[in-house]
Amino acid sequence: METAQRVSTRERPSAQDGLSLRNWAALLIGLSTLSLAITGFTIGNNNIFHIPILEGSWREPQFAHDAFMQSLRYFSSGFWLMQAGIADDSNVLKYFLPWLFISRLVFFAGIGSWIAVLGLKRRTQIVIFMLLSAVISLLRGESFAGDGGIAIGQFTHSELGNGLSLIALALVWRRCYGWALAFAGLVFFLNVFMAVWLAPLIATMVVLQWREHRLSLSLLMRKGWPGLLACVVPGVPVLTSLALNPELGKRPEYDYRVFLLEHWPDHFLAMHLAVMQYVGFVIVVATAIGSALQLPRDQARLICSLTGVMLAIWTIGALLPLFTSSPTLFNLHLLRSTTYLQILAGLALAALITRWMTSANEADRFLWAPILVLSVVVKPIGAAALFPVLAMRKAWRPGTRLASPIVAALLLTLSSAATVALIVKQYRRDSYAAAKRADWLALASWAKANTPPDTVFLLPVMRLHDRSPLPTAPARMTDLLIGSEVFPAMSHRQVWVMGKYGAAAQWLPSYYPIWHERMVGSLLATSLSERLTYARSNVIGMVVDDCGAAGSNVPVYRSGKLCVFASNHAER
């Protein structure tokens with residue numbers, strides 16, 4: 001009877017055990033919904049590649065000589081390759097929100113897979129840790145000193161890779177090497193360079209296990225080889241696409257570093273990062289290490305080791321421009337590996353706060369943990385509060401009036417209010433963007449129905465980055481461009497140039513001279529009259545500009561602030 005009772009007690013979940021599958025599903029859905037409310041959702045400028053891929057726009061006759069549209073056939077993400085041409089105008093924009101939600105679910109599943117890695121066990125700890133992961137600012141937005149997306153308000157395949165990478169690393173920790181390699185293969189399928197960053201992290205965890213005598217070569221081979229096979233299968237379409245790219249591995253006739261500076265230096269050129277990017281980067285690294293050192297020894301060693309490897313990857317990327325201009329090496333986006341670094345820092349900090357919130361120490365539970373929560377809800381640089389908190393925690397013991405449930409409730413209420421304020425602010429921003437996008441969709445519908453298929457449009461143009469050496473665009477262009485990413489594919493008309501088009505030079509370097517020449521020419525034409533003259537000289541049929549800049553020019557169509565002018569009879 002006693003034996004039966006012990007077995008029964010062992011099998012029955014207690015309040016201290018983890019969550020059931022049903023509870024996990026509910027938690028992941030709830031946290032994903034909360035996270036999406038904070039980050040918002042929009043069709044963003046990165047989707048300027050994805051919309052025409054989903055529609056297979058390069059197959060349309062009017063795009064036969066459009067260098068940008070033709071380059072998209074070499075966009076080597078398996079995620080988009082497998083969906084090329086499956087959508088049309090009636091449904092293409094409906095793809096992004098469901099995929100963003102799935103991406104967020106996978107991200108939180110990845111975070112959940114790290115609960116045991118970080119030494120958290122109790123149900124209360126699980127819920128607190130997961131909730132913190134949804135609201136702390138280190139785990140959303142773009143990473144410092146690399147500009148990698150973490151949890152952002154537009155869907156891209158790279159953000160889907162974040163959760164899969166976390167799962168792969170958690171599986172290595174569990175010594176499920178075959179499954180870990182299978183998930184690494186999925187990351188490669190989504191994004192080749194993210195898999196390149198992931199590989200040394202997996203290797204580091206394996207080496208740590210080897211040094212702790214928890215791993216033998218025979219065990220590694222026995223558990224790993226099925227995963228190698230599973231890793232190869234999703235990689236085949238990506239490798240095939242890369243092999244078909246006629247410019248893969250070829251050195252362009254220009255300095256690739258000049259293109260990177262003109263287009264988007266934050267991914268590639270450390271010497272051109274803003275000072276605040278370095279400040280944030282230092283805070284992230286310090287947070288990862290500082291939080292880790294407050295955790296148990298095994299977790300501290302793991303986090304510090306992974307942080308060191310990621311710093312090495314970033315350093316190689318930072319030094320790369322000093323030694324080479326190879327597109328192949330730059331396209332590994334080594335600076336963007338700070339995505340993983342910032343996620344790790346966020347998880348370490350969330351684990352530390354969780355431990356304090358469930359500690360028997362009332363100062364930790366009622367004062368220090370709530371202070372940290374309030375510090376990191378709004379801005380990621382708020383993580384710097386960790387260090388004065390650690391110093392105060394060591395030097396001073398607060399009285400019962402400060403370390404009390406009332407103070408904790410006040411601080412957590414302020415944190416909740418700040419989160420609500422973020423949600424409201426993001427909703428207003430997204431609503432504004434949606435209204436602007438509606439204007440562009442109306443313009444696209446008009447263009448599709450009322451202009452010849454071979455008509456070329458000159459849209460508002462501006463450089464993407466403040467530190468780009470390209471000419472500065474007139475101030476009116478900033479607002480006009482909001483929502484414009486839907487126009488090229490939805491209008492089924494050629495667009496002369498857009499700032500974001502320059503990214504095509506990453507997979508087809510021969511596109512850069514075309515993009516550069518068109519960007520410079522378009523940006524130097526600042527007034528509407530100059531833009532119309534430029535359009536006529538380049539056989540561009542239609543010019544889109546601010547209706548307020550029309551002057552004596554009569555538009556042929558208007559949608560909100562957007563006016564379309566025919567270049568052949570614009571000046572009268």
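Every residue, even glycine, has its Cβ placed from backbone N, Cα and C.
All annotation found in TrEMBL is predicted automatically rather than curated by experts.
What TrEMBL records for 21-43, 96-117, 124-141, 179-208, 268-290, 302-323, 335-354, 366-390, 402-424 is transmembrane segment.
Beyond the ends of the transmembrane segment (21-43), by six or more residues, the same chain brings 51, 93, 96-97, 100-101, 104-105, 107-109, 112, 127, 130-131, 133-135, 140-141, 151-154, 419, 422-423, 426-427, 429-430, 433-434, 437, 483, 485-486 to within a C-beta distance below 8 angstroms of the stretch. Between the transmembrane segment (96-117) and the stretches 124-141, 268-290, 335-354, 366-390, 402-424, it is 124-141 that has the most C-beta pairs under 8 angstroms. With a cut-off of 8 Å between Cβ atoms, the residues of this chain six or more beyond the transmembrane segment (335-354) that come close are 111, 114, 118-120, 125, 128-129, 132-133, 136, 138-139, 143-150, 162, 165-166, 193-194, 197-198, 201, 266-268, 270, 281, 284-285, 287-288, 291-292, 294-295, 299, 303, 306-307, 310-311, 313-314, 317-318, 369, 372-373, 376, 380, 383, 386. Here the transmembrane segment (366-390) does not lie next to the transmembrane segment (179-208) in space: the count of CB pairs under 8 Å, restricted to residues six or more apart, is fewer than 3. Long-range neighbours of the transmembrane segment (268-290) within the same chain, counting only residues 6 or more positions beyond its ends whose Cβ lies under 8 Å from a Cβ of the stretch, are 138, 143-145, 257, 260-261, 303-304, 307, 311, 317-318, 320-321, 330, 333, 335, 338, 341-342, 344-345, 348-349, 380-381, 383-384, 386-387, 390, 467.
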